[in-house]
Amino acid sequence: MCRAAVFQLDASYRAVGASPPPELGSARLAPREETRRDPWEELPFGAPAGAWRLLARLRPSGVRRSRMWRSPLRGPWLTSVFGAVLLVTLPLVTITGLLSYIAYGPQFGQAFPREVGWLRLPAFDWPTSPAWLYVLNQGTHVILGLVLIPVVLAKLWSVVPKLLEWPPARSPAKVLERLALLLLVGGVLFEIVTGVLNIQYDYVFGFSFYTAHYFGAWVFIAGFVVHVALKIPRMLAALRSRSPRSVLRTTRAETRPEPLDSTGLVAAEPAAPTMSRRGALGLVGAGSLLLGVLSIGQVVGGPARRAALLLPRGRSYGSGPNDFQVNRTAEAAGIDPADTEESWRLVLRSRNGTSRFFRGELLGMPQHTATLPIACVEGWATTQRWTGVRLRELAVLAGVPEPTWARVSSIETVGAFRAATLQSNQVLDPDALLALRVNDVDLALDHGYPARVIVPALPGVHNTKWVRDIEFGSD
Amino acid sequence: MRVLLRRFSRAYGAAPHQPLLVLGAFALTAYVVVLLVPDSSFTRMLVWFLAAVVLHDLVLFPVYAGADRLLRAGARRGRTAVGWVNHVRVPVLGSALLLLVFLPGIIRQGEFTYYAATGQTQQPFLGRWLLLTAAMFALSALWYLVRVMRSRHLGVGRDGN
């Protein structure tokens, strides 16, 4: 079998027009008989050994590792490179995701899902400075998540022989480990799929995105921690097995399979390479770069926005002062324009009572202008120049100069985000506004006319539009 | 004690910390399931979770691996002085990646929620994806042409990366 394998390899080299590497020449066939032994096949069986051995013998016909997996690139080194990249980056995606949950204000019951049992995150007052904090958080979460898709797919490609290996397990330990892998692979794919659909407003899955994405993350975390803890020694050893520099210097013709080992990743009968290892790494990197270039524009905005060709937030609305990204149109929110005209009053409430202001009165108060981003959980942002009354001055007007919270409600009666509670620091920040104007003109109806909240570093949907009343509390 | 542990490891198939970690992960997952069971769409979530794995392992992977096998078979038959396999692979993979990630916009799925959120339609995405695909193929073909010219010029031309 081994001899045949070598000849076959030799033949496939010629078939793709390459000369076989010298080490496969017939002169060295004899010692290779020894080295082509497959250490994976010789792994020991756990208890009960008889049962595992029997299972191994019951191999379905067709499930032959050597025949199914021929790529000469697969091996522990390549898998470990992808693994190392994901080891560093996936925690960043996870942590920014969890931070976003906290940014929504779980202490006010306005982070979704609301009921999380013991999976409650430590709540702290989300800062208002720097103003771009939420842009950075969500930009990292979404863009990095997108950029990692090719790496995740490549990692799965590199380990796919393990999926159909026979026997599927040789010990109780292996059974448990494989089940834990389901959490990891299922978790990461589920998070990618739900996330990718959500940023494109496609809710085909029919369940709450927030609930699924939050709990899916915990399942992923469970699988990830186990996998990292169990595989880190092997990853480090595999990474040390060859220098990146030598890989980057190796052309396709010089590319050799990694030594056959007990990981079961290396092809037992490798085909001739059609791509070098550096080529494969470059291909994955290019895929990531492609997704990065096509999505970063919706975070940084400006002229770069146009590069986000395939995402919702890469599109232009025009060049007027109100022509920037709309999050939920007035039409979708069921806003009756008549309710925003002369009859509109801003209602301020507190324990001291209620007061009402019409828009002209608000415009007559000291106006403050701040350049602030609206940053959405979906990883897009738009920075504009807002003008209006400081929230802290409204708090003084309501007789609560040191509020611990403020509840802002909208004219809107249907949406999940028709009201939001702000923390003390979010009311008192000098740039936290009840904006009446944007870029020196009145707000457009789609942007919240007659008045909207804009607070530095606050998740986009909590910048309530079409504000009807604000209640200040100090309890 | 040490002998006992070693015996356990041999029979079980891994060091004793392995089951602790794995069972910990299962416990956390079980807790998530307990929290989610009352949710009316729990079954849906479970189906999507499992479908994500099944669709990747048993549909997406076999499809792209099979396509690649066909491509390589074609390359063996239609052999040229300068290998062209990767000049097909790269733009196909690029285009497929974009299709996979941006499918909702390209096929105009979720039109209603998209319009409600943005006030716009998904009209341009299919065309843009096709143009991007065309651009990737064109660049790849151009690069191939350069390689062919160069190999003619230098009289060599075998490596394909």
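Any Cβ shown, glycine's included, is placed from N, Cα and C.
Heads up, TrEMBL stuff is auto-annotated, nobody curated it.
Annotated features in TrEMBL:
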type	residues	note
TRANSMEM	A:77-104	transmembrane segment
TRANSMEM	A:131-158	transmembrane segment
TRANSMEM	A:179-201	transmembrane segment
TRANSMEM	A:207-230	transmembrane segment
TRANSMEM	A:280-300	transmembrane segment
DOMAIN	A:339-472	domain 'Oxidoreductase molybdopterin-binding'
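Counted over residue pairs 6 or more apart, the CB atoms of the transmembrane segment (A:280-300) and the transmembrane segment (A:179-201) come under 8 Å in fewer than three pairs, which marks the two as apart.
Assigned with DSSP, the residues of the domain 'Oxidoreductase molybdopterin-binding' (A:339-472) fall into helix, strand and coil as follows: 26 helix, 57 strand, 51 coil. For the transmembrane segment (A:179-201), the list of distant contacts is 90, 142, 145-146, 149, 152, 156, 209, 212-213, 216-217, 219-224, 226-227, 311-312, 378-380: same-chain residues at least six beyond its ends, Cβ to Cβ under 8 Å.
Across the domain 'Oxidoreductase molybdopterin-binding' (A:339-472), the model assigns an average pLDDT of 97.
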